[in-house]
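**Q** Below: one structure in structure tokens.
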Amino acid sequence: MSDRELPAGVERREFDGTTRLATRGESVYGEPTEGEWRAWNPTRSKLGAMLDLEMDTGLEGGDEETVLYLGAASGTTVSHVADFAGPTYAVEFAARPVRDLLEAVDTRPRLFPLLKDARKPETYAHVVESDVDVIVQDVATRGQARVALENRRFLAEDGRLLLAVKARSEDVTRDPNDVFDDVREELAEGYELLETQRLDEYHTDHLGIVARPR
Ligand code: SAM
């Protein structure tokens, strides 16, 4: 994959002789650094895996690109997003990881943490600007398609949903392929699916989805 297909501000660079995705910013989770660049570990990040596996995310990067990130946890992935994108709203409902997320915010003025439940978008609708360019979702909860549908209201008409679906969060007993079929079907209520790809190389029983609002 050439760097031209990656968002501006994301590059493949050498870290100790290994080529890895990287963004420019302060270290957050002990990842290797080289000068002002830090490695983006696809085994720790579904979005990193989607980019590394060459999915066409539509991410462009740059100050103008606005992102709503659902399921920010302690900031591993969303910190990389805030390194290359513009205003980045990071929703996470568990207080403990948000405390760590705040450390990533210290050096990232465009990263806005929100201690909120992604199933209740009305609780942050007054903060998040409408017409965001990208929704990234990695909530690992039951009802992942529903969360994406309920947050569609924030997405610009030509925006993109980048969704990582964890099969086991829906039902540990079912075949992941059946779970993914159901998620795809439910998502189609509000989205046109552009690309889907299993992320198993980095994340077992996860499906990456790129979609746009219909
Ligand atoms: N996206 C993170 C990253 O790559 O750095 C990892 C996210 S982790 C797999 C899933 C996160 O989703 C957990 O931190 C969990 O607390 C959060 N989560 C689950 N349900 C949620 C909800 N309804 N609203 C907000 N966050 C939720």
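Glycine too: its Cβ is placed from the backbone N, Cα and C atoms.
Found this in TrEMBL, in case it helps:
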- Thr76, Thr77, Glu92, Phe93, Asp117, Ala118, Asp138, Val139, Ala140, Thr141: S-adenosyl-L-methionine binding site (BINDING)
**Q** What three-state secondary structure does DSSP assign to Asp117 (S-adenosyl-L-methionine binding site)?
**A** coil
**Q** State, in Å as a whole number, the widest CA to CA span among the S-adenosyl-L-methionine-binding residues Thr76, Thr77, Glu92, Phe93, Asp117, Ala118, Asp138, Val139, Ala140, Thr141 given in the record.
**A** 19
**Q** Counting Cβ atoms within 10 Å of each candidate's own Cβ, which of the binding-site residues Glu92, Asp117 comes out highest?
**A** Glu92
**Q** Based on Cβ atoms within 10 Å, give me the single least packed residue among the binding-site residues Thr76, Ala140.
**A** Ala140
**Q** Is it possible to get the count of other C-beta atoms within 10 angstroms of the C-beta of Asp138 (S-adenosyl-L-methionine binding site)?
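**A** There are 23 of them.
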**Q** Going by DSSP, is Thr76 (S-adenosyl-L-methionine binding site) sitting in a helix, a strand, or coil?
**A** helix
